[in-house]
Amino acid sequence: MQAAAIPANVPPALLDYATSCALPTPWAEFTLHAWVEASTGKEHLAMALGDLGNGEPVLARVHSECLTGDVMFSQRCDCGAQLEGALRRIAEEGRGIVLYLRQEGRGIGLLNKIRAYRLQEAGADTVEANLQLGFHADARNYELCRPMLDQFGITAVRLMTNNPRKIDALTRLGITVTERVPLLVNRNAHNNSYLNTKQAKLGHMMAPLTSLEQGEPVAPATPASVA
Ligand SMILES: Nc1nc2c(ncn2[C@@H]2O[C@H](COP(=O)(O)OP(=O)(O)OP(=O)(O)O)[C@@H](O)[C@H]2O)c(=O)[nH]1
Ligand SMILES: [Zn+2]
């Protein structure tokens, strides 16, 4: 039997909701939700805590995948500490959500991020490395956030980020960002110039630290805390 044709005026779903489970963490027991992106088959995730659909703005983080930082403890970036900081803060408040988007390497993928790191070892900064590889400085897209937030009836968020593009993107998607909650964690000798480049070239809202010079002793990975 032939499948019924989808009427031309109905946009195709970006995401299919798949399933959920309890996810105990050191800070709280979250609920892990999973979706499948229709066009790529990628699995996107959310960690949710508390009553999210009661109309109060939700403490939220939109986190882009960083395997090296989130899983392998890399100090080249601040991603792992930001993820931990966001989860801790949500646990403290007892309510909130982390959207975990599978757009590794600012959207260029893991292998290309590793290639970009090699170029950075040869002197390029994080933006120049992407451009040398033929990519945009930031190839991410946040449109999936809308159906993910819709799942919980979330229309307004207090967004944990230093990245103005995320605020713009959510606003353009019709989500009200009532507050930006800064997320400044784990600046160290390995990621200091990376963070300075994000501020200078990508518009991130974070003060540059000039006192951390290359070759200085590396600060131990501090427990994540939200500034
Ligand atoms: N191409 C590239 N990607 C990187 C590099 N360092 C980290 N990333 C990626 O950058 C992204 C960082 O994601 P987020 O922490 O959510 O976003 P952000 O733009 O830093 O904004 P906030 O953390 O919200 O302030 C992840 O996808 C990382 O994999 C790099 O040197 N090159
Ligand atoms: Zn990272």
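Indices start at 1 and increase along the chain as displayed.
Heads up, the Cβ atoms here are built off N, Cα and C, so glycines get one too.
All TrEMBL annotations are machine predictions without curation.
According to TrEMBL, R61, V62, H63, S64, E65, Q82, E104, G105, R106, T161, K166 bind GTP; the candidate from T31, T40, T126, T178 that the record adds to this site is T126. Within the same chain, the residues at least 6 positions away from R140 (active site, nucleophile) whose Cβ sits under 8 Å from its Cβ are S64, L101, Q103, R106, G107, R165, listed in sequence order.
Along the domain 'GTP cyclohydrolase II' (20-182), the predicted structure has mean pLDDT 97. Mapped onto three states, the DSSP output places C66 (Zn(2+) binding site) in coil. For the pair H63 (GTP binding site) and D138 (active site, proton acceptor), the C-alpha distance works out to 14 angstrom.
Annotated Zn(2+) site C66, C77, C79; additional same-chain residues within 8 Å of its Cβ mean position, judged by their own Cβ, are T68, G69, D70, S74, R76, D78, G80, Q82.
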